[in-house]
């Protein structure tokens, strides 16, 4: 299929482009980018006047729950939600059932995605067998079968020696280690951020030190082994400071945060709202400010949703019993665009964190509109206002703290491999 996207504001950080231009797609790849392009016979034409045209957004941290937990989400519904949110590529975490720690599970995901997914799916394998933190998984096998990174996400690798070996082996194999940095002994029975709100609500708190101590350990291990390391979903001012200092020393560390960590504070838990329960927990206003500062100065490399769908029965419980996690694929873009509205970052910097930076961290050939690249494109209306309604979410699960919130900014077209996979109503 041939496609011409005309007259949009093309913003591609990978090429330092920000101009009103046309984009021509032929045979699933970017054929030409420029002004006044002519549509070939039979080409589909998208009028993008007044809209943003960007490289397809990449979410490097999602939970598709497939295989084994399809009652929460599956590859079809998860990628449908991704497309609705403007994402053309997602990296899916290994805490499936069974855990993605071997070639068979990775191959299942790759093959099912090839047949049924609306967007590109890049599997992440587990660091340890069964994500139990006892012995390393076969990283070489995981990479060969299609994994772009390894992580025990959902749990930390508690054993420091094992984490050291993981970093060393992954370095040799050229695959990224993604750390879920959390000191479980400090977490204890905590269910939300430790602070005034937790005390007021009578809930056990999780101190910021539970994250910071683990981030510091993993940063030092990366420095000691001279290995690349990516730290997932940072939420505290301390994590930002530790990573900023590490980068200044030349440590090969990158990190991500999630939209909820710069959009909400632990006040969202008031009323015992289990849709505001996640791990790491929502923090205080000072942490939100630090996360925004980290995004602004480049300490934080990527924005990823940590899309974590759960069935209503797993959330409609008393707060202590409800599972951690929220869906985020369909609300990430407007929440992130708010950073531009507030002057935290400019549009080019924001898009770096949602396109070329995640692609670079994962080592995938996406996140660019260069001629010859795969035609993964997101067309965005930054001014479109809409209401987050549970019944309109494409995800199988509806566990979002943003239900009922008015949003500004939406994907109007999502194009994967030159094919329009989503068009807004």
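Glycine too: its Cβ is placed from the backbone N, Cα and C atoms.
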Using only what Swiss-Prot says about substrate binding by 63, 64, 65, 279, 310, identify which of 95, 245, 320 is listed for that site too. 95
Say Swiss-Prot lists 61, 63, 153 as binding Zn(2+) 1: which of 301, 306, 313, 316 is in the same site, per that record? 306
Listed alongside 153, 233 for Zn(2+) 2 in Swiss-Prot, from 180, 307, is 180
Counting other CB atoms within 10 A of each CB, which of the binding-site residues 153, 306 comes out lowest? 153
For residue 180 (Zn(2+) 2 binding site), the closest of the binding-site residues by C-alpha position, picking from 61, 64, 153, 279, 306, is 153
For residue 65 (substrate binding site), nearby residues of its own chain (Cβ under 8 Å, 6 or more apart in sequence): 72, 73, 74, 78, 96, 309
Pick from 64, 95, 180: which of these binding-site residues has the biggest number of other Cβ atoms within 10 Å of its Cβ? 64
Would you mind reading off the Cα separation of residue 279 (substrate binding site) from residue 233 (Zn(2+) 2 binding site), to the nearest angstrom? 9
Starting from the Cβ of residue 279 (substrate binding site), draw a 10 Å sphere and report how many other Cβ atoms land inside it. 22
Neighbour tally for residue 310 (substrate binding site), based on other Cβ positions within 10 Å of its Cβ: 27
